[in-house]
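Following: one structure in structure tokens, then a few remarks.
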Amino acid sequence: MIPVVALVGRPNVGKSTLFNRLTRTRDALVADFPGLTRDRKYGRAFLSGYEFIVVDTGGIDGTEEGIETKMAEQSLAAIEEADVVLFMTDARAGLTAADLSIAQHLRSRQKTTFVVANKIDGIDADSACAEFWSLGLGEVYQMAAAQGRGVTNMIEYALTPYAEAMGIERQGEEEEVDERQYTEEEAEAEQKRLQDLPIKLAIIGKPNVGKSTLTNRILGEERVVVYDEPGTTRDSIYIPMERDGREYVIIDTAGVRRRSKVHEVIEKFSVIKTLKAVEDANVVLLIIDAREGVAEQDLGLLGFALNAGRALVIAVNKWDGIDQGIKDRVKSELDRRLGFIDFARIHFISALHGTGVGHLFESIEEAYDSATRRVSTSMLTRIMQMSQDDHQPPLVNGRRVKLKYAHAGGYNPPIVVIHGNQVSKLPDSYKRYMMNYFRRSLKVVGTPIQLRFQEGDNPFENKVEKLTMSQERRRKRALSHIKDRKK
């Protein structure tokens, strides 16, 4: 299972700076979907061969009252469920009462914790960090997150216990690796492997949108409520099922619930459990509450699913019992705020009464089939050439970018690898045009599609051009001319 790293600390110690550095993406087409919220608190990270989820907990001010407030509840839950906690402090400001309070809480939880003294640039780091040893949480790691100093070493050290599970052999400093990109043969093997496995479906959404009700409706039985007991909060529940001859595994992120009153069951929402479920799924079913419309939390979950490359279906729940005026307003909001994912099917359902639930699986199968359908190299190359014929690549330094051929580089999500000359200099607008061209040509529905560009080898790169004898003579004459003029 992919490890989760939680960033903990009082405000203004650099959590967001480190979060942004860790979750940066090299391909704007993966993360830069217009319309997505920019204020993300969780994301996927790839660094030095490690893949992990990073969570900016926020919401903890270090005071005893603050830790017990509703605002801090989600942050504390994230700390509980994280595999590694990075406790960030400000080396310039020194040790504060808030730091001591947070450290006391972390010690009581016995989490794998690393103390990070941030903002060490321009100061005597050893002297500034000495007092943080008194927190009693072990070694203090120095970092300047804004400049990137110490970030890679910190992550490597913190995630070393997970290296074997990820198949990573540590051999000193490494650059970031490109995720999930295969050769043509490896991509074909991956596609065959996916075809033999059941479809993993993660049902996600913010609290109380009807995830549990929909899960029960799909399974056709009333699930037993699972109470909070030690050891039950870490993982989602995996439920195998068969429908119309096809095997599924439902990943139930709402499986753990707590009873607050005798007759009332309140769903316990866990961000980390949801993120892990998305990582492990083939298809994500995002539930939106029709009565509340598209919330920022919906967009955050949607963004994570897209960045993970998962096939996607959206269900607008509680559609029954609302008047036509509200329905029209909700549809208008969906068009406005979710227009950037026009490839995903949207269904209007009632999980409670079962209205529209049956049609969900048609879209789930369609999305999965699109995400895992094999496409030949000849077909992909032909589509690439057609896109060039319709709209030529721009000139770069007076030369036309030349695209040579394309092949499959992975599935779920579908990855198309395009080889050519100067492809690294293609503007994002042309890359986005090509991505949409491939989507239309392949009739891809319900899944994001990713393009990777690989530069062709240039045999003349880094070679000094050797002059002919006549060119050498002209060069000498020109140089002597210049010297005479200076005299």
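Glycine residues also receive a Cβ, built from the backbone N, Cα and C atoms like all the rest.
Packing around ASN12 (GTP 1 binding site) is summarised by its Cβ count: 11 other Cβ atoms lie within 10 angstroms of its Cβ, all protein chains included. What Swiss-Prot lists as GTP 1 binding site is 9-16, 56-60, 118-121, and the listing cites sequence analysis.
Here the Cβ of GLY205 (GTP 2 binding site) has 26 other Cβ atoms within 10 Å, regardless of which shown protein chain they belong to. The GTP 2 binding site annotation in Swiss-Prot covers 205-212, 252-256, 317-320.
The annotation domain 'EngA-type G 1' is assigned in Swiss-Prot to 3-166.
According to Swiss-Prot, the feature domain 'EngA-type G 2' maps to 199-372.
Sequence annotations record features per position, and here Swiss-Prot assigns domain 'KH-like' to 373-457.
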Practice task
Calculate the per-residue pLDDT averaged over the domain 'EngA-type G 2' (199-372) and state the result as an integer.
Solution key: 80
Fill in the blank from the handout: Rounded Cα distance, in Å, between ILE120 (GTP 1 binding site) and THR253 (GTP 2 binding site) is 40
Practice task
Calculate the distance in Å between the alpha carbons (Cα) of GLY205 (GTP 2 binding site) and THR57 (GTP 1 binding site), and round it to a whole number.
Solution key: 19
Fill in the blank from the handout: Looking only at the binding-site residues ASN208, LYS211, THR253, TRP319, LYS15 (GTP 1 binding site) has its closest CA neighbour at THR253
